[in-house]
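Novice: Got a structure for you, questions after.
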């Protein structure tokens, strides 16, 4: 047995490593994605007042903090007896604007800083990074920074702060927009529509030039899951829709019923669990949540996003029910445009209505909140007692749900490229990393750090006795 190790996986949010196990003939026997980080936020929440949850859980992550805040807020709403449609309309719309702003920030970060170097900065490991893009194409870098800055202003105004928002309250929201601020945010959202279109104009030809790689690298067939509202793409509210491997409707369920459909498998080498559809078992029930999944399960984009709808229509005509892993990047940019259009449309409307309920009554029991985080479906489930204290918390993040698919994807790359007699180098491992990057996994949170020395990428080769043979 020979073991190949790549540590860390680069240009992702967090720290992971890949190990490839070869038999004595040099054939791939097994491929594993190891996640070494551990969080205990569910335990942190126990004993805390339920209304504190939306202020605590954003610290799980500095990138998808808004979605943790909103999923928690929706779970808290339920514990106070509010259905999503009971939230005051102006507050509901403010929460949506916060969500769209966070999406633009996250999707912009992923494409320009994490994914684009694989397609723009060349194949040399030393230049395959955002710094090379800044050097070779400073205009593109400035475009990325402007897009993300505008997006964070939307989050700041609606969430109370640009990172780790605090504004959502039971059944409402605490922030207000004066006329001047709303007009300024509208201009920023409209500018982001232009920047999102420019990003698609830049990216689509690159994807088309690499279509052979798109159609071959790490592709697997799975079920896909995402929120829809009356069949329309939605990232804040709706029902959960699952489609099977052929794109047929498999199931739709209300967020509160998620535990009836989803189960988790455990493997000893990773802190992450391996979710699957309970009725189908593991691994037959492996599913994905992602920008691509959301496009796959939706019938159309919102009426407020006509430009994104045109891109969605073209994407569907070209790829149908898409399973190609690298198409995540394309789908992500269609969503980037949709979020900018939806935010601009909302900011043109009236946001001056009441944003806080007249009365609140805490209820003992369970509350479940589901939103679509940039990486996929996010669930917060809290149980509270008669005093309003949390007795149990369960948080199911997108990356956990994509964990089985990521591992299956890198296994396929290893089997396709690692053969007896073929020297395994950085280029092959980068292809595995490209598969993982497509999912945009979020493995770390804002309260954890990695020693800087661990950021140096190494490729290690061990012999059948477990001795180190070579380090690259």
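Placement of Cβ uses the backbone N, Cα and C atoms for every residue, glycine included.
The annotation Ni(2+) binding site is assigned in Swiss-Prot to 61, 64, 442, 445 on the grounds of sequence analysis.
Context for these features, please: burial, neighbours, distances.
Specialist: Of all Cβ atoms in the protein chains displayed, 28 besides its own lie within 10 Å of the Cβ of residue 61 (Ni(2+) binding site).
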Novice: Among the binding-site residues listed here, 64, 442, whose Cβ has the fewest other Cβ atoms inside 10 Å?
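Specialist: Relative to the other binding-site residues in 64, 442, 442 has the fewest Cβ atoms within 10 Å.
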Novice: DSSP three-state call for residue 61 (Ni(2+) binding site): helix, strand or coil?
Specialist: coil
